[in-house]
Amino acid sequence: MPIFPDVDTLRLCSMLTSTAFGLVFCALWLRDRTEGHLLFWAAGSLLYGAVMFSFSLTPPNAVAVTMPLFALLSLCNVLPLAGARRLDGRPPFAWWMLIPIVAAGAGHGLPRLAVAQGWLPAASLLPNIGDALGLSLSIAINGGMLLWGRWTVRTAGHRIAGAGLLAYIPGFLLSIAGEYHVLRGMESLALLAMLSDQALLGIINLGLLAIPVERAERQLRQAALRDPLTGAWNRAGLEAQKPRFLTPGVAAIAIDIDHFKAINDRHGHAAGDAVLALFGREAGRLSQAGGGELFRLGGDEFAILLPAGGPDPGRFAERLRAHLQSHADDAVGWTVSMGMASVLDGERDVDAALHRADGSLYQAKAEGRGIIAA
């Protein structure tokens, strides 16, 4: 007969660990109250500790109490997801997040109500199996969304927290098998869940803590590599992006805003900045739609790199020119000139192609305004 730890002791350990993480989240929120996601994570951890304490005081057959407790147990897993959604800039809650809560409560309560009504035999295993299946479905939804959801910035923290939640499921399923062997009754589910807690609570909460840290690091890296006015990659960003554009056939388009100094002189630097910002937004959007990237090389000088096999460079340049003209302020009336080249066989980076595109740009500017040369 295998020897297992005492369920009450394990439950106490889970309660203390979860409460400690909840207090950590609260302390972090008190330091910066704009970080509202921390309140959701604190609520999830503190609620879990309270639910564990309530289970220790509640008789197993008190369905009127245990059914809401199982629903609250699922809510403890919904709240970390809600906090992650808020951090991602989305509403914390969506209607489908009721599904795991209802599944856990119904999985526990309905089979027991059926036994109480005489619809199932008193010795039925279905109530305990319902516990495991209801919690498994709840965990699968919440953990799956953390792990595979469409996050604006997907981090290792999302994957760690999501995987930590999903790691409970084998224990729940094992408790079903235990119903037919050595582990019997709701204690088997509690035992396996409490054992899982000892390893997984720390993993899940540390994963949550890693999410904002990774987001901040990524934002700092992006800020160092992008021009704040136009949103285009800067020269450091160009160096970072070069490995993406090593294939022969990659198109390089050098772009210059015609007579930009005159725009500043006649209309002021604010108008010039507005032109640069508009250009960066629209050219960047079209570039990314074609699988390429926009770079600001200095002043009003830009470059676009398009992948091999992407849009035809000549047609793309014509479409970009027409699009920019349709968005240009009539009072300023700015245009762009472009020069094109491509990466040739044997070239190991895009520098030579950019140099040739720059030469084509000078040719275009010598011919007038709004010219495209290759």
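Placement of Cβ uses the backbone N, Cα and C atoms for every residue, glycine included.
Predicted automatically and left uncurated, TrEMBL annotations should be read as such.
Straight from TrEMBL, the features:
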- 12-31: transmembrane segment (TRANSMEM)
- 38-57: transmembrane segment (TRANSMEM)
- 63-81: transmembrane segment (TRANSMEM)
- 93-110: transmembrane segment (TRANSMEM)
- 130-148: transmembrane segment (TRANSMEM)
- 160-183: transmembrane segment (TRANSMEM)
- 248-374: domain 'GGDEF' (DOMAIN)
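Looking at 38-57, 93-110, 130-148, the range that has the most CB pairs within less than 8 A of the transmembrane segment (63-81) turns out to be 93-110. As a quick check, the transmembrane segment (93-110) and the transmembrane segment (38-57) miss the bar of 3 or more Cβ pairs under 8 A, pairs 6 or more apart, so the two do not touch. Confidence over the domain 'GGDEF' (248-374), given as mean pLDDT on the 0 to 100 scale, stands at 89.
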